[in-house]
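S.K.: Swiss-Prot lists these features:
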BINDING   HIS69, HIS92, HIS101  Cu cation A binding site
BINDING   HIS317, HIS321, HIS360  Cu cation B binding site
Amino acid sequence: MSSNKPYVIKGIPVDAGQIIPVRRDIDEWYEDTSRQSRIQLSIFIWALREFQSIDYKDRLSYFQIAGIHHFPLITWDEEEPPVPNKPGYCVHNNVTFPTWHRPYMLLFEQRLFEIMETTIKETVPESHKQEWRDAARQWRLPYWDFAKTSGPHATGPLSLPVLCGLANVVILNPANPETPIELPNPVYKYRAPDLMGNLDKPFHIPPERIDPDKDDYYPWDKCQATTKYGLLKNNPHIQDAGQDVTKSNLALNEHPWYRPNKAGFPPLQTLTYEVHRLLSFKFSSWGAFASTKWCNEENKPPASQQTRDILSLEYIHNNVHNWVGGTDYLGDPSKPDLQGAGHMSSVPVAAFDPIFWLYHNNVDRLTAIWQVLNQDHWFDEPHPSDAKPDDPLKPFHVSKDKYFTSDDARFWRKYGYDYDIVKKPGTNEDRAPEEVKMKINQLYGEPISRLHEGQPVEYDYVINVIYDRYALDGIPYTIVFYLHLKDGSYKCLGGVYTFSTKLSDAQDTERGGCDNCREQKKAGVLASAQIPLTYTLYERQEWHNLGKLLPVKETADIIRQHLCWKVVGVNNSILFDSEQPMRGDPATWRSLDVTAAYSEIHYPVDRNYKYIDRGLPAYHNYLPIHLSPT
């Protein structure tokens, strides 16, 4: 059992004057056959298995550290032993979204390193200890670059890490380092000692309500193991429902939004394009980049010039959670290939799935990239309700008597890790911005290179949406956008997943959302997201017959006349339809505001208008597209 003293998060130590090791791309690391990487993989797998086997009542167990994210809503690393913690620690829809998760990743990384050190001390033979110790000190928790395509010229599909799809994995045996051993893979899933709803109070995991009107719940309490797309209402195999990696990969590439008819079209993956835009935009402030939180005077809809502040890191993050885990517990007949629900799609239990840690490491990496390119933005232009940079990031301790703050978390290198994309080779300093931009283009620039037609000025089209993530009292839902064409078909443009959970009430305190969510609902705080249309319209020219250049008047007319949207519940019901605005309960959706806009794109080009890969596009002066009344 761990000590009751505060657990101080310092990161993996680095000797003075030494180069700080980098967190590596997990697929590149897994495929690296060098001796050091093979040892690192082996000690990582061994340590993660040990971590997951620690008694769930131990503060430093995998179970309790994963539970910080939400369920089981107990205190962690506070003065008293774990007790029910109705306030929770949630920071979603909040400007501290990236900074709160930074020490969270550090905590996980540090715990694994501590277990590695113990394993080397107690298990590895003396003749191999130094080699394994050196490899462990160079190890850092890898990241999953969810927007990096595979194949030549980055044109292949997106996919989960290879390691996440292996039920078993072969490593070097720490007790006999020259001998391979095959073990159940702890990155594949987490398995609790019993059904999570049967664990002793206050550690038990409850079900999660997914329907505001009916008693439909995600049965997390009946799960012993995490799953991806494994839970279906009429499927009795809940305890260990499996990892349908094929569905996760399909969702990452097809983006399985609700489709009101089955007139399909080839999958169009837009995640890579959105990440490139995120890192290209000149946001007005840190908060605009960091969070979906939408606060302005009286929550008015965004003016066109604010369009560049609607896209955010958190919006992209929310959708990927949905695609990796799956939300279709009831089974939507319009998408049979993507039925099923899993832990990653749910705020309360996402962190129990081991892929969560690889995934959020990449969210931290994207934050670091943006920080290097935007060093003049840090909690600037705050709204009065925004968290301050010196507010505590509970429950993480930076010292025995002080919680982390965002200011503490701002500079990542002092915690013993770095990322290659932002690190000047051979130093502990930033790369030059031009070199970072070149790497962004190499990793995520393929869609934008297809869009650039060698013209001095081209155009960008977007949908901006302001929504209330608590409209269903926190129960998650999706807003899906379409072009409803003259032939009656609906062409899907994209969507927004709220990644939220039901707020608690007096009768249901153990299952509900946190204080942050309740306070935001009470204050009327909204959320925002942006659906980029340019790449979709370019790749789907057969929808509009306008050609590749997407002339402004004609393109705006199509958006104005044919854009529509539906709000879809996790139970697959249509909760709001812009073409039938009186359907359902209009009052619930009165704050939902959809606007469209266009702007010029100025590409970084030479005198022959050839794209310069050391620059990023500039998006200028958005103007409104006035939508036709429904």
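The backbone N, Cα and C atoms fix where each Cβ goes, and this holds for glycine too.
How buried are these features, and what lies next to them?
M.R.: Counted within 10 Å of its Cβ, the other Cβ atoms near HIS92 (Cu cation A binding site) come to 27, all protein chains included.
Cβ neighbour count for HIS360 (Cu cation B binding site) (all protein chains, 10 Å cutoff from its Cβ): 24. Secondary structure at HIS360 (Cu cation B binding site), taken from DSSP and collapsed to helix, strand or coil, is helix.
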S.K.: For the Cu cation A site (HIS69, HIS92, HIS101), what does the 8 A shell look like? I mean other same-chain residues with CB within 8 A of the CB centroid.
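M.R.: Neighbours within 8 Å of the Cβ centroid, excluding HIS69, HIS92, HIS101: HIS70, CYS90, VAL91, PHE97, TRP100, TYR104, VAL347, ALA351, HIS360.
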S.K.: Excluding HIS317, HIS321, HIS360 themselves, which residues in that chain have a Cβ inside 8 Å of the centre of the Cβ atoms defining the Cu cation B site?
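M.R.: Along the chain, the qualifying residues are ASN318, VAL320, ALA350, PHE356, TYR359, VAL363, PHE499.
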S.K.: Measure from the Cβ of HIS101 (Cu cation A binding site) and count the other Cβ atoms within 10 Å, all protein chains considered.
M.R.: 20
S.K.: Work out how many Å separate HIS321 (Cu cation B binding site) and HIS101 (Cu cation A binding site) at their Cα atoms, rounded off.
M.R.: 15
S.K.: With every protein chain in view, what's the tally of Cβ atoms within 10 Å of the Cβ of HIS317 (Cu cation B binding site), excluding that atom itself?
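M.R.: Step by step: centre on the Cβ of HIS317 (Cu cation B binding site), count other Cβ atoms within 10 Å, giving 23.
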S.K.: Give me the count of other Cβ atoms within 10 A of the Cβ belonging to HIS321 (Cu cation B binding site).
M.R.: 22
S.K.: What residues, ordered by sequence, lie under 8 A Cβ-to-Cβ from HIS69 (Cu cation A binding site) and sit at least six positions away in the same chain?
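M.R.: Within the chain, HIS69 (Cu cation A binding site) has Cβ neighbours under 8 Å at TYR89, TYR104, VAL347, PRO348, ALA350, ALA351, PHE356.
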S.K.: How big is the Cα-to-Cα gap, in Å, between HIS317 (Cu cation B binding site) and HIS101 (Cu cation A binding site)?
M.R.: 12
